[in-house]
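Asks: Straight out of Swiss-Prot:
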type	residues	note
SIGNAL	1-19	signal peptide
TOPO_DOM	20-338	topological domain 'Extracellular'
DOMAIN	20-115	domain 'Ig-like C2-type 1'
DOMAIN	121-217	domain 'Ig-like C2-type 2'
DOMAIN	229-331	domain 'Ig-like C2-type 3'
TOPO_DOM	360-576	topological domain 'Cytoplasmic'
DOMAIN	386-541	domain 'TIR'
ACT_SITE	Glu473	active site
Amino acid sequence: MENMKVLLGFICLIVPLLSLETDKCTEYPNEVISFSSVNEIDIRSCPLTPNEMHGGTIIWYKNDSKTPISADKDSRIHQQNEHLWFVPAKMEDSGYYYCIMRNSTYCLKTKITMSVLENDPGLCYNTQASFIQRLHVAGDGSLVCPYLDFFKDENNELPKVQWYKNCKPLPLDDGNFFGFKNKLMVMNVAEEHRGNYTCRTSYTYQGKQYPVTRVITFITIDDSKRDRPVIMSPRNETMEADPGSTIQLICNVTGQFTDLVYWKWNGSEIEWDDPILAEDYQFLEHPSAKRKYTLITTLNVSEVKSQFYRYPFICFVKNTHILETAHVRLVYPVPDFKNYLIGGFAIFTATAVFCACIYKVFKVDIVLWYRDSCSDFLPRKASDGRTYDAYVLYPKTYGEGSFAYLDTFVFKLLPEVLEGQFGYKLFICGRDDYVGEDTIEVTNENVKRSRRLIIILVRDMGSFSCLGQSSEEQIAIYDALIREGIKIILLELEKIQDYEKMPESIQFIKQKHGAICWSGDFKERPQSAKTRFWKNLRYQMPAQRRSPLSKHHLLTLDPVLDTKEKLQAETHLPLG
């Protein structure tokens, strides 16, 4: 399994190299020179900024080799993440190494010259690998053992450091020196303190312990006057934090390397073993000023407690002559009403869309339910002066011919439901007019007295007078569309696919209002008003307050039908 992981890691490194020959990498002109001690473990990072390395892949090469350095942790020289490891460094490792960073848009290349050195004769170090650090005479300061961040343990703690001066153990109990993490604190700096200091530690890698050594050339500065440190952040500010959350407080200072930067809360410094508060230190050379550094002390708060809101966290910057402070006060977050508004608006919109969809699907049922349930509680409308709820217009047969299903629907089924069950009042020519009356006058008068015009259509219009071509139909449609503004309801007793043979007025009504298609049979039996046809027809009819017609009145419809059938052949001439 371990070999498989190594193989996969190597494949992941080698795949981006397939296009190496064709890609042009931008090479940094500045060369980085690095020194290492022979037989010691050493780790080198790619000297690019975090912004330059963001989103990219780091690959290391030695000299002019086209083969990347191995990612196998068992190799003495190998790449681990973006770092180059020497476990340990050997004299033959000297040379130059290329760190190449590439992503989907660009490629950066930087050169590092590596020198692996042996100790100078009679010394425990090589002077070429020395780091120069300076402190002011008569002041307090610290020497820092550099580049130990790579060797933190699993608890993110720096290793224990031993200090030597001129290769002899340095006593840390004489009042002038004491050790603190990776720092050697020097109190009341004097000229005799200058010299070469060595810090030593060790690091265990894959079960084997390797030495780590750094040498520092300590130079004293006679003039103790120095610039005042500047706290870049915080600036006496407040910070919103939720109770129980994890936060970081960053104290960013521009000052001298020896300035102390630390946090206090409620008058006390942060203890090193505090389970909730922990400090982390970092220093960088200032990019725009010589002999100045960016000192960053981060206070990690693993859990915001209620007492943290009572007192501010104070950042202190201290040297021999100056003490600067700045604070951060934690406050409870202000409720973000914007999210509530957005959420409420989203819920309202979703509800509105849902209701609109429900209404569109069940519109007919909702309107009919409202009429049946709430009409008694609404104020009565003023009378519109009309007598009939609908004027029924249907095709007339030529001569003595008759279509029984049409007569059954017009004179039996339609009145039975609309008049018998829902109390509507219909005017049906041939039932409600009198023998001998002028058809044009009857039509003109009764259309004006009706609230709706129901036009009944059948598929085979060839056996009927054409709707809209006889005087009766022309008057009815004209009055409904033009003069009276009456709503027209088209009823298809049979499914009609082609309306091109229909009069233009019928085509216009069909296009604008559609038609209701009959889906039942024409047997003379009680009709259920709960079918979709009758619901759609009732929806198109005006709201009704009257009670259904009595059973006695309904029984009179059949004699009327018989009278119609008997008189039709005698008095009713085909229209058209």
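Glycine is treated like the rest: Cβ placed from N, Cα and C.
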Asks: Per DSSP, how many helix, strand and coil residues does the domain 'Ig-like C2-type 2' (121-217) have?
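Replies: Summed by class, the stretch gives 9 helix, 46 strand, 42 coil.
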Asks: Using DSSP, tally how many residues of the domain 'Ig-like C2-type 1' (20-115) sit in helix, strand and coil.
Replies: 7 helix, 42 strand, 47 coil
Asks: Which residue counts does DSSP yield for the domain 'Ig-like C2-type 3' (229-331) in the helix, strand and coil classes, in that order?
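Replies: Taking the domain 'Ig-like C2-type 3' (229-331) as a whole: 4 helix, 58 strand, 41 coil.
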